[in-house]
Amino acid sequence: MKTTRRSFLKLVGVSVVGLSLGQLGFDLEDAQAYAVKLKIEGAKEVGTVCPFCSVCCQVIAYVRNGKLVSTEGDPDFPVNEGALCAKGAALFSMYTNPHRLTKPLYRAPHSDKWVEKDWDWTLNQIARRVKDARDKDMILKNDKGQTVNRLESIFMMGTSHASNEECAVIHQAMRGLGVVHMDHQARVUHSPTVAALAESFGRGAMTNHWIDIKNTDAVLIIGSNAAEHHPVAFKWIMRARDNGAVLMHVDPKFSRTSARCDFHVPLRSGTDIAFLGGMVNHIIAKDLYFKDYVANYTNAAFVVGKDYAFEDGIFSGYDPKTRTYDRSKWEFEKGPDGGPVMDPTLKNERCVFNLMKKHYERYTLKNVSDVTGVSEENLLRVYDAFCATGRPDKAGTILYALGWTQHTVGVQNIRTSTLIQLLLGNIGVAGGGINALRGEPNVQGSTDHALLYHILPGYNAMPVAQWQTLADYNKANTPVTTLKNSANWWSNRPKYVASLLKGWFGDAATPENDFCYEYLPKLEKGEDYSYMYVMDRMYHGKLKGGFIFGVNPMNSFPNTNKMRAALDKLDWLVCSELHNSETTDNWKRPGVDPKACKTEVFLLPSAHRVEKAGTISNSGRWLQWFDKAVEPGQARNFADIFVPLVNKIRALYKAEGGTLPDPVLKLHWTDKFDPEEWTRRINGFFWADTKVGDKEYKRGQLVPAFGQLKDDGSTSSLNWLYTGSYTEEDGNKSKRRDARQTPMQANIGLFPNWSWCWPVNRRILYNRASVDVNGKPWNPKKAVIEWDGAKWVGDVPDGPWPPMADKEKGKLPFIMNKDGFAQFYGTGRMDGPFPEHYEPAETPLDSHPFSKQLSSPVYKFHTSDMDQIAKAADPKYPIVLTTYSLTEHWCGGGETRNVPNLLETEPQLYIEMSPELAEEKGIKNGDGVIVESIRGRAEAIAMVTVRIRPFTVMGKTVHLVGMPFAYGWTTPKCGDSTNRLTVGAYDPNTTIPESKACLVNVRKADKLTEIA
């Protein structure tokens, strides 16, 4: 009989209890009889996945007589090994809590109450609202006469709570309807991750995976409080420490993470580029970089064209009227063949390496210290410890979260870290990488499946009006390289897009009609359809209705007062949630008369994780299947809402006709949602009999790998990255629970037979950079892959080609970049080819030493009467506010505040401040406090603590305070949204808001009305 970790623990538990009690002289007969009467006795074990952060711990749900009786961590899962954080441990309580929505509810315009309705009536009403809006508002052609087929009056928000299969359903439905205003949580949490990592490496995902952290020699945690916000992931950090790694925490406040690290270095929020830029300067000036890695695998030798310049904080090509750059001024110098000119000697003053060196020479210890508030001694402490990994036998990893992303320079924060890791040779290696600590349960998968306005599934660009035909699209989005040793993998894009369209429109999609490409909605070039612009257009009355599923923007979006006012202007709204939230109940928020709110609201009860089946993708790209443990009652999963809703809309078009019905009627749709059917659709099918190698496949069989996808209509795939996850030979690979490894794989904890991960089950991205040009590992003691003379062994290599020493067949390791090299210098970002320090939109300074340009010259903002930004060094608001999550609450708290034991542990909104600031303001620990920004105010309880200290910045004292954002008015007397204070200023690349740095003032409250 096979013994699993779980069965072993059960046996050990019984034997240990028996041994202990027997030694104490107890009669064990009664105790043993009682032990078998545990509440899980006779219960069925069902595997599910925790619905909170992207560690995605696996959970055992115990079911007896169709009812959930208990949940616990799965000890067999290699990542969590049975462990759960406070939220995961409360999974059973969240399922059973009395606040769950159980039936569809309806709020009529101007009504002050909810009314119960049945599903059929509710979906019929929603279908009618959607069709009427689509018939009236569909834009067939733009002002230039170009076919665009888009619907702007309806929006879709959500959700990273959806499974991959639900995401596939939602995306296909929205594009069929013509919706362009589609976004989800990734926009406001980790959108800079994709934009930054893809610019440097080619892909936007976490480079390594959770278990791999144990292999590192140095951990730099910056912009994250990992111990509190990713507790299970943190155990792999502690494994690294047990193995001898040095742990560093750089963060504005001292926390549990700081306490477990070797040292903590506080820095002022919003100054990460200055801090990291100083490290870049330190590496180059001290000659600490990994020369072979830099020379062979990066674009350090590329020569930049003569139009490039940088002067006083501004790159060449800047237009102050439009606040944008002409990025053509940053292009590389071209040779006679049209390819990049390179100088392997690195002597050309315009080669990337020398331009980078010059750019960061200004980032001296003094300048960095003056801006960040970090002493020169502490700067060197971090720099020296981390830069010691810039050698073949060492590796360092950087871990970050929203402390980096939620800034007007969020993308460039992360980009700066890529410069460091490339200089040190820490990408592609075990224990290396830049690893995003994502906080949403399927934010990786929901981004892969593109619940975002600007991309199609698999990170393909969303069509714009200029690309009228599929040929136009392919020409604009398929890169061409002159370098024969570059794989240029995106040259395969036409195959992936044709297969996607075939999956969406089935037999209707043919080569003759461009695979129904015309049906896709087309964006206007340069227009932003993201969350923040949806809300601004809503505020100005330009939207009629929409869907908000599994997200609570009325609590978690910045400048919340504006957001709440905007929602009042909708004609209708459809929400799907586990509980009432600040969004679902916006019409009856404090200070508002429900009778004055016209919005018609349909509130649909959402199925809990244990009530549905499907897959999620954790932050390390592992595709994990979860089974349905119990029936959902009248609650429904998101796909079981959208599948019948689309069918009802289709029925209306068949009966009545209407505007542009074909994109809806010709969808390759289904009558009923079956999650495993959609898992197969995501993988993809052959639509014609095909021979692959010596194996023949029939129409309707599964495509075995994305290498077999075609651009001729003979294959389909709803996401090329996931092709190979479900095959005729091996079935559904996301269900695999096989912990077997080769000794080489086990040495670094790859677990290649547990679940499956994209792409092609590769566990460490860019792993061909972990070897030298002969295919030998830089660090043989922690080899990821190795060339044995005929093939690669270890992890699945980033391409099958031989090592670079083979001049004819060898390929560069960064295969998703056009020219195959990792990029120190990149031309694809809106705010510069190199990261540059700029102050936050709201800053306590009126100057800094790096340039005369105070804040980013291209950050985005709105100009309505409710969009205000405090002036630099505003004496009315002298204090920096940063926001953060809590261990016990998930993000905005909409779910966890409804779990009594979690609310009891963290019951109310508080503000952390230093003793010095408290003394200055006459505030004592436990006092009620009013916190005010130029946009709004919030109440909080003072937590006076030495965990936060004042900073000395540019010769003056700057105070910082911190507040969680997990509270809202629907939970009585706990406080309301912190985001009423935060600023509506956004990164120019991804429009993520700057929630981690704004200006406020604090005072002792005479009276509290929001907190008991």
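Every residue gets a Cβ built from N, Cα and C, even glycine.
Feature annotation from Swiss-Prot assigns signal peptide to 1-33.
Under the heading domain '4Fe-4S Mo/W bis-MGD-type', Swiss-Prot lists 43-99.
Cβ-based neighbour count (10 Å, all protein chains) for CYS57 ([4Fe-4S] cluster binding site) stands at 27. In the three-state DSSP classification, CYS57 ([4Fe-4S] cluster binding site) falls within coil. As annotated by Swiss-Prot, [4Fe-4S] cluster binding site applies to CYS50, CYS53, CYS57, CYS85.
Annotation source Swiss-Prot lists W-bis(molybdopterin guanine dinucleotide) binding site at UNK189, citing similarity to another entry. Over all protein chains present, the Cβ of UNK189 (W-bis(molybdopterin guanine dinucleotide) binding site) has 24 other Cβ atoms lying within 10 Å. A helical conformation is recorded for UNK189 (W-bis(molybdopterin guanine dinucleotide) binding site) in the three-state DSSP classification.
What Swiss-Prot records for THR389, ARG391, LYS394, LEU424, ASN426 is Ca(2+) binding site. THR389 (Ca(2+) binding site) carries neither a helix nor a strand DSSP state and counts as coil.
Annotated Ca(2+) site THR389, ARG391, LYS394, LEU424, ASN426; additional same-chain residues within 8 Å of its Cβ mean position, judged by their own Cβ, are ASP217, ALA218, PHE290, CYS387, ALA388, GLY390, ALA395, GLY396, GLY425, GLY432. Neighbour list (ARG391 (Ca(2+) binding site), Cβ cut-off 8 Å, at least 6 residues apart, same chain): PHE290, GLY425.
Apart from CYS50, CYS53, CYS57, CYS85, the residues listed for [4Fe-4S] cluster, the same chain places the Cβ atoms of PHE52, VAL55, CYS56, ASN80, LEU84, LYS87, GLY88, PRO231, VAL232 within 8 Å of the centroid of those Cβ atoms. Applying DSSP to the domain '4Fe-4S Mo/W bis-MGD-type' (43-99) sorts its residues as follows: 10 helix, 20 strand, 27 coil.
Annotation for the binding-site residues THR389, ASN426: lowest Cβ count within 10 Å of the residue's own Cβ, THR389. Mean model confidence for the domain '4Fe-4S Mo/W bis-MGD-type' (43-99) is a pLDDT of 96. ASN426 (Ca(2+) binding site) carries neither a helix nor a strand DSSP state and counts as coil.
Among the binding-site residues listed here, namely CYS50, CYS53, CYS57, CYS85, UNK189, UNK189 has its C-alpha nearest to that of LEU424 (Ca(2+) binding site).
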